[in-house]
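Per TrEMBL, the feature transmembrane segment maps to B:24-43, B:49-69, B:110-129, B:135-155, B:208-227, B:239-257, B:277-294, B:338-359, B:380-403, B:482-500, B:530-548, B:662-683 (among others). Annotated domain 'CstA N-terminal' per TrEMBL: B:51-609, in sequence order.
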Amino acid sequence: MTVTGLGPALLRGLREAWQIARGIAGERAYEIYLEHHRREHPGEEPLSERVFWRRHTDRGDTDPGARCC
Amino acid sequence: MPAEPNGARPEAAPRRQRWTPGRVALWAGVAVVGAVAWGMIALGRGEEISASWLIFAALASYAIGYRFYARFIQYKVLMTDDTRATPAERVDNGADYHPTDRRVLFGHHFAAVAGAGPLVGPVLAAQMGFLPGTIWIIVGVIFAGAVQDMVVLFFSTRRGGRSLGQMAREEIGPVGGIAALIAVMAIMIILLAVLAMVVVNALAESPWGSFSLIMTIPIALFMGVYLRYLRPGRVMEASAIGVVLLLAAIAGGGWVADHAVLGEIFLFSRNELTFGLIAYGFIASVLPVWLLLAPRDYLSTFMKIGVVVLLAVSIVVASPSLRLPQFTEFAFNGQGPVFAGSLFPFVFITIACGALSGFHALVSSGTTPKLIEKESQVRVIGYGSMLTESFVAIMAMVTACVIDPGVYFAMNMPATALGDSVQSAAQAVSQLGFTVDAQTLENTARLIEEESILARTGGAPTFALGAAQIFSTLFGGQAMMAFWYHFAVMFEALFILTTVDAGTRVGRFMLQDTLGNVYKPMRDPSWRPGAWLCSALVVGAWGYFLWAGVNDPLGGINQLYPLFGIANQLLAAIALAVCTTLLIKSGRAKYAWVTLVPLAWDAVVTLTASWQKVFSDDPAIGFFAQRRQFSEALADGETGVGAIQGVDAMQKVVVNTTVDGILSVLFALLVVVILVDSVRVWIKALRAPEGSLPTTEDPYERSRLWAPSGLVATREEREYARRSAAAGAAAPVSAEAEEKG
């Protein structure tokens, strides 16, 4: 790889790593919802970010998910 | 629905990886490094062995297991089929079903399966020397633990993400299903009690530790409010703020401990902490999730991944020497002071998480299969995550073995065996053959700014001391020992508290669901009276074991930890029985040994351990023998047995051994029931004409997604992705399908 090619590649790698970290933290939930909504319900107004997160978190009240020792 | 072995499609045939000279040299190199490392740790004599060898032996073995054995399971046994749509792709509802990037899912799955378990077991097992535990952690994970996680994940993915309990009911029968339900409930209660006891033992009489752990509650509340009202969805930001506050709380703890008034306020006895935890568990499980549990979860995930990476790097760079021997005499005589019983079966019971943990089957069925993109990814997600957890267990083993063996025993023996001064403790430990003087014990306590290090059982303080020793050689030297010690205690206590909170909630839901069969409104999780009642019942159950354990004259960890191990292995028996049943039913009987061998081993270990716990004549091992010893002494009007003095203490022993003994019997019976019921189904399946027994596999649906299989995409995969992007294919099909077609 040339020196000029290294910078953008490194940047791309870092950006990808950041997105993975955000994914693991669960921060991409709204983006995922928007993508899904655009694909499955085109034309309909999606939930606002605030309302989405409220519902997203509150789902935990009825479905705690499995966690281990 | 016919049990069509769908995996047998031509596209799913293993893509032959050509053995270029480079590849051969690479794997030969890995094998040589592994062999040398194993040789060093197993045969090294005289000089102290560097912990790096343990790390290298583990990593080389994992690499070979992952590349060869897991690959064999993936292609030959499971026959994963990437042309087949996974539930994530089929259902894709934008919420719990959603195709998730494999690297993200790996992080999720790892964070969900790995908790405090792999940090505790190896520390306790170190009393037998480092070799038995290390061999079991590495061999166990390659042939049992990781296999279980991967196979359960695969079968649950083929079944729309069904839970282990549902699969047990549908594939084995109602008896297996009920046994699974009881096992899950029982292990949950014992697990919560044991983990809470670890926290109590780590924080008792320690204002520094108590202060920083208590501070996590306001920090989590702040994060909760932040994410709810200030900046919804900014998880990374909120977690980063949380971590900074957490570090500040740990640093502040040192000041609080030295403060005349605050130092007193945050000084708690074991019983105060016990009731504090019980109250916390109840309140946390009925509060809305957004306020406490969700932010706590974010914080734990952050800390978990961060500290695991930090510890791995530190061990390799600092390369400390192992000071415990390969074997101690306790491996053979069963007289170990940390837990009683000989190497077989008790090492395999004590170390569950990290080698074979049935609990993982609950995560591998249910949550992860609804998110996985491609069937072939079960190898990296299921097998790979478990290998990573095993590596955490190896690191915990290292932390226990780098500290002075005398200090290790002084920290892990029950208080009654040590007496009440450093002099008596030093004498008791030296009698075991590990010479230590009172001065060393005192200095160690002073170094980490704790009142005392005696009888700090439960693993967390030992892990923290070892980790602090390793961290401080790299960062800050002896002056930072106290900070790193409390940092490590905090790290472990933080996610134990998260588990207590989440586990109580999970237990509450299961109880509500079960009681819902009798009284309908119970089923509704938002019905407050039901939620409160069931939370109180669950907290009451683990709270009882916690209280009894904390006040157990013989040491709660000593008595309860084996029960936890047996319960966890019992769940593994259920998971492996379900896997074996499914392999046989789906026409893969030829390869059923892949899960049958670990199942047989697990059954032998669990049943032998239960047998000894129930029938052993040695009061140190058998619960009922111990009960007899104490009740006879009481009947004879004696006021003490050995180090246990006082009628009160003796009566406690009688009650606790009765309860623990009955539980051991229950667990053993459950294992037998599951085994008998599964064997019945296996025989039926083997006799029936191919594919005539019903199984619940979802019908085949062609996948329209494509994704790489491993964590890092191979060159062919990257090329394929580029080509299909260039061709503008809206829905690229499987790489294999294209190559073949």
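Note that the numbers count up from 1, one per residue, in the order the chain is shown.
Here the Cβ of each residue, glycine as well, is placed from N, Cα and C on the backbone.
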For the transmembrane segment (B:24-43), which partner among B:49-69, B:239-257, B:338-359 gives the most CB pairs under 8 Å?
B:49-69
Are there residues at least six beyond either end of the transmembrane segment (B:662-683) with Cβ under 8 Å to its Cβ atoms? List them, or say none.
171-173, 175-176, 179-180, 182-183, 186, 190, 563, 566-567, 570, 573-574, 577-578, 580-581, 584-585, 603, 606-607, 610-611, 613-614, 623
Selected stretch (most C-beta pairs under 8 A with the transmembrane segment (B:482-500)) from B:49-69, B:135-155, B:239-257, B:338-359:
B:239-257
In terms of Cβ proximity under 8 Å, which residues at least six beyond the ends of the transmembrane segment (B:380-403) contact it?
51, 54-55, 58-59, 62, 65-66, 70, 73, 102, 105-106, 109-110, 113-114, 118-123, 125-126, 130, 133-134, 137-138, 140-142, 145-147, 149-154, 308, 311-312, 315, 320-324, 351, 353-355, 357, 360, 364, 368, 372, 459, 462-463, 465-467, 469-470, 709-711
What average pLDDT is reported by the model for the domain 'CstA N-terminal' (B:51-609)?
94
